[in-house]
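Undergrad: Got a structure for you, questions after.
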Amino acid sequence: MQSYNIAVLAGDGIGPEVMAEAIKVLNRVQEKFGFKLNFNEFFVGGAAIEHCGYPLPAETLKGCDQADAILFGSVGGPKWTNLPPDQQPERGALLPLRKHFKLFCNLRPATLYKGLEKFCPLRADIAAKGFDMVVVRELTGGIYFGQPKGREGDGVQTKAFDTEVYYKYEIERIARAAFEAAMKRNKKVTSVDKANVLQSSILWRETVTEMAKDYPEVTLEHIYIDNATMQLIKSPESFDVLLCSNIFGDIISDEAAMITGSMGMLPSASLNEEGFGLYEPAGGSAPDIAGKGIANPIAQILSAAMMLRYSFNLNEAADAIESAVQKVLASGHRTADLADDSTPVSTAEMGTLITQAI
């Protein structure tokens, strides 16, 4: 029987509550599909500060090193905002984990589920078509990290500058990740750039076009970033996999998230070249609702499904979780963030309903 070790970092706020439901669902699929998941829990973020004095203790990092994947909850809260920036839960835990494991590829799915169209801010006729896309964002290159960057001069002559730098190998590996993701989905990649203006985008487009030759089953199209932001509003159903540089992906992934209508539904994954991944909900720790049993666990549960798909290649089990989520939503069950006139189900009840639907 295939066995996998998972470092479970529930973190702060609603993290422990929603993580418990993800574990519940994972226990169901490992029983149904005949593989073994070993869960090892570690402190991270504010919880780690309280117990160990550091947001990312050495024991936690060691546990992650020994794992096959990291299932991450959420970190942060008002209790720790007065700490020095590098000691705060977000910057002191999540960023070092990304750096340590060389997580260069961010996957952000955005899906509008049947029955949730009214939460979509788009026109009703557009929302009625639904959409199911994933944004593939390069995480370690581009203008956020390029050199030189800085400020110089004074008075009206003060200037600030940043540099957009991409190496061909950086574009190749993120393009490969996008094409591989498309192979598991609807076999279409839309590469986002600004090749009519930027040299970095010209290299981006050339390289992605070359890479496409290795994936003849996948349809490739190129789109300028300004047009991409418009088409996301006009016809989101036309997208499958959106391939983006760091800064363009930062913008596009948030736009795609907002048109779904609920951050509580959105998972994410950050991967390295070996397929090792950190999987987490796209939303935050929501300390205002922590402990009330009303948080939506679906983003955490879908993050677990992504882990099965992208790190372990357990596509059938991942499909089963995603189908169960769709079934439960289609039957009208809602947590408080999505409930209207109906009585909302609790965090634990939603987890149980999804588990039973598998």
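The backbone N, Cα and C atoms fix where each Cβ goes, glycine too.
Below, the features straight out of Swiss-Prot:
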BINDING   77-90, 284-296  NAD(+) binding site
BINDING   ARG98, ARG108, ARG137, ASP226  substrate binding site
SITE      TYR144  site 'Important for catalysis'
SITE      LYS194  site 'Important for catalysis'
BINDING   ASP226, ASP250, ASP254  Mg(2+) binding site
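Map these features onto the structure and tell me what's around them.
TA: Annotation note: THR81 (NAD(+) binding site) sits in a coil segment as assigned by DSSP.
Long-range Cβ proximity for ASP226 (substrate binding site), meaning a same-chain Cβ under 8 A and a gap of 6 or more residues, is found for LYS194.
In the three-state DSSP scheme, TYR144 (site 'Important for catalysis') is classed as helix.
In the three-state DSSP reading, LYS194 (site 'Important for catalysis') counts as coil.
Secondary structure at ASP226 (substrate binding site), taken from DSSP and collapsed to helix, strand or coil, is helix.
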Undergrad: Spatially, and counting Cα to Cα, which of the recorded positions is closest to ARG108 (substrate binding site)? Options: GLY77, THR81, TYR144.
TA: TYR144
Undergrad: Expressed to the nearest Å, what is the distance separating PRO89 (NAD(+) binding site) and ASP254 (Mg(2+) binding site) at their Cα atoms?
TA: 22
Undergrad: I'd like to know which of the binding-site residues PRO85, PRO89 has the most other Cβ atoms within 10 Å of its Cβ.
TA: PRO89
Undergrad: Measuring Cα to Cα, how far is TYR144 (site 'Important for catalysis') from ASP250 (Mg(2+) binding site) in Å?
TA: 11
Undergrad: Could you measure between ALA290 (NAD(+) binding site) and ARG98 (substrate binding site) for me? Cα positions, answer in whole angstrom.
TA: 26
Undergrad: Taking the Cβ of ALA286 (NAD(+) binding site) as the centre, how many other Cβ atoms fall within a 10 Å radius?
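TA: Step by step: centre on the Cβ of ALA286 (NAD(+) binding site), count other Cβ atoms within 10 Å, giving 24.
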Undergrad: Select one residue from ASP250, ASP254: among these binding-site residues, choose the one with the most other Cβ atoms within 10 Å of its Cβ.
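TA: Of ASP250, ASP254, the one with the most crowded Cβ is ASP250.
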